[in-house]
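Structure record follows, encoded as structure tokens.
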Amino acid sequence: MGYNIGSYDVIVIGAGHAGCEAGLAAARMGSKTLMLTINLDMVAFMPCNPSVGGPAKGIVVREIDALGGEMGRNIDKTHIQMRMLNTGKGPAVRALRAQADKFAYQHELKKTIEETPNLTLFQGMVERLIVEEGVCKGVVTQAGAEYTAKTVVITTGTFLRGEIIMGDLKYSSGPNNQQPSITLSEHLEELGFDLVRFKTGTPPRVNSNTIDYSKTEIQPGDDKPRAFSFETTKFIMDQIPCWLTYTSTETHRLIDENLHRSAMYSGMIKGTGPRYCPSIEDKVVRFNDKPRHQIFLEPEGRNTQEVYVQGLSTSLPEDVQRDMLRTIPGLENVEMMRTGYAIEYDAIVPTQLWPTLETKKIKNLYTAGQINGTSGYEEAAGQGLMAGINAACRSLGKKEVVLGREDAYIGVLIDDLVTKGTNEPYRLLTSRAEYRLLLRHDNADLRLTEVGREIGLIKEERYERFTNKKLQIEQEKERLSSIIIKPRPEVQELIRNIGGSELKDGIRASDLLRRPEMAYEHIHLLVPSEVELSDEVKEQVEIQIKYEGYIEKSLQQVERMKKMESKKIPVDIDYDAISSLASEARQKLKDVRPLSMGQASRISGVNPADISILLVYIEQGKIARVSNQ
């Protein structure tokens, strides 16, 4: 017999990286919010790599921060090392990556949640949803407790019917040997959701005291203070290095000889694994021409000897893992502390979601994170933030928020999921974004702070600092456009010293900055600013001036795309009534139910001819008759 515990505006199921962002966002927006998790000791836990950021992912963390989310602030307080990646490349692919103290990260974020008004954290396993006439009204826990709510967000990670697999050993479990969520997965199927089976994996952890670091290459953090969050003013300078080593021919021989014992190759694993994070078995088989593969040794925290062996994700048996580790330079005498394993879990087919992350099947129910078929903490956190924002908006009677592909990598991520779906764990890459020159690490605050303020997640003090930064950027750009630099001897000398061509006549400072060999600091030496500018302002001025032409082209592409996005498609359109559509296109359109012609054009299997037919059909005004049938 169930018993009612209480009523909330928003209930979040799960307290991983998606759940934490969802719960915090909803509560901070003024919604009475409840977070339910299987184990309070696992809030914000990092079950796999102890890091945040990297290519594309680091930009997502910046976007989360610009919108008012927590991940950036939290990693800034708890990292052991931070590095800017791809500094030798263009600004579109630069990204920050932090090595986390995973235990400090977890403790700090749990503390933030516990201290947040409007937010209640409780240990309990949700087994089913309360659904009435296609509307989600709350949840029921294993203990029989009923919690009613205006909206519910599911962020269950890899817990849904989770199974850990290692060699021929297979048992029901969530990550890190936690209790899995089996009944909720079965309940979602009963409600009519299509589920898929995915797989991911993690490498072994080893004892730092047993590593011979003299045989490895040190990988230090950056000397320059770095941060993900716009709010961070105190920087951690006491950094801990990572270390680089490689597999050997002996490693590969051992793996080849034991492939039949790997769950990946014995048939034990049925789920689809991540393409961009393959197991060491996969790497050895698929890239058998490579004599070695990189292995990074990453400390898991400041107060532990556990080291994460990045690059060695595996489902081989324990004895093979131990032998394999000892074939790697520096690890000849290593002691393994935890085994690597593969984990299979259920995910929903994400084309069953609207761009708000609300499910199409059940109103007021949202999903975010690995349940939507993604991999990675950052992808989960970005979805969790948006799902929490939209669940709160619905509960408060406000308009929901959808980020476009031109607005953010988070927008690219969600649009890919709900429009194209995924047949493998989805990882965000810079190559997935058409407008990546617009979606840079350095301008996330300029793109999204206004959105965060409108939502109610950006405080006034921060907004004032942001507007001051924007003003300084514009004023400095105007200053450089108004100053003429003449070919004086000191000017010519500086230009010669950096390998440039001497001036023949006077030139605007902004035009001189457009030269590939010129940096803002060179211009500043010639025409210094009277106002002291931050490094972030200087960087923004240089990028906006130097890449102005390319940025303008991207903005023109965005405008063309927006014309297609502005052509709306009625939700209840009857695609069967459009006889000239190709059968594959008709089925895909019925499955996805796109909201605009732009979204329809991105569906796999819908070609330009189908789009033209659909466009003509809508413009002829037949929709009303179809809708009224």
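The backbone N, Cα and C atoms fix where each Cβ goes, glycine too.
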For this session: Given that Swiss-Prot annotates Gly14, Ala15, Gly16, His17, Ala18, Gly19, Val126, Gln370 as binding FAD, state which candidate in Ser181, Ser185, Ser313, Ser431 belongs to that site as well.
Result: Ser181
Exercise. Which one of the binding-site residues (Gly14, Gly273) has its C-beta surrounded by the most other C-beta atoms within 10 angstroms?
Worked result: Gly14
Exercise. Counting distance between Cα atoms, which of the binding-site residues Gly14, Ala18, Val126 is nearest Phe287 (NAD(+) binding site)?
Worked result: Ala18
Problem set entry | Three-state secondary structure, which DSSP defines for Val126 (FAD binding site) | strand
Exercise. Relative to the Cβ position of Cys277 (NAD(+) binding site), how many further Cβ atoms are located within 10 Å?
Worked result: 18
Exercise. So of all those binding-site residues, Gly14, Gly16, Ala18, Val126, Gln370, which one's Cα sits nearest to Cys277 (NAD(+) binding site)?
Worked result: Gln370
Exercise. Sorted by position, what residues of the same chain at least six away from Val126 (FAD binding site) have a C-beta under 8 A from it?
Worked result: Ile13, Leu36, Val139, Val140, Thr141, Gln142, Ser181, Leu184
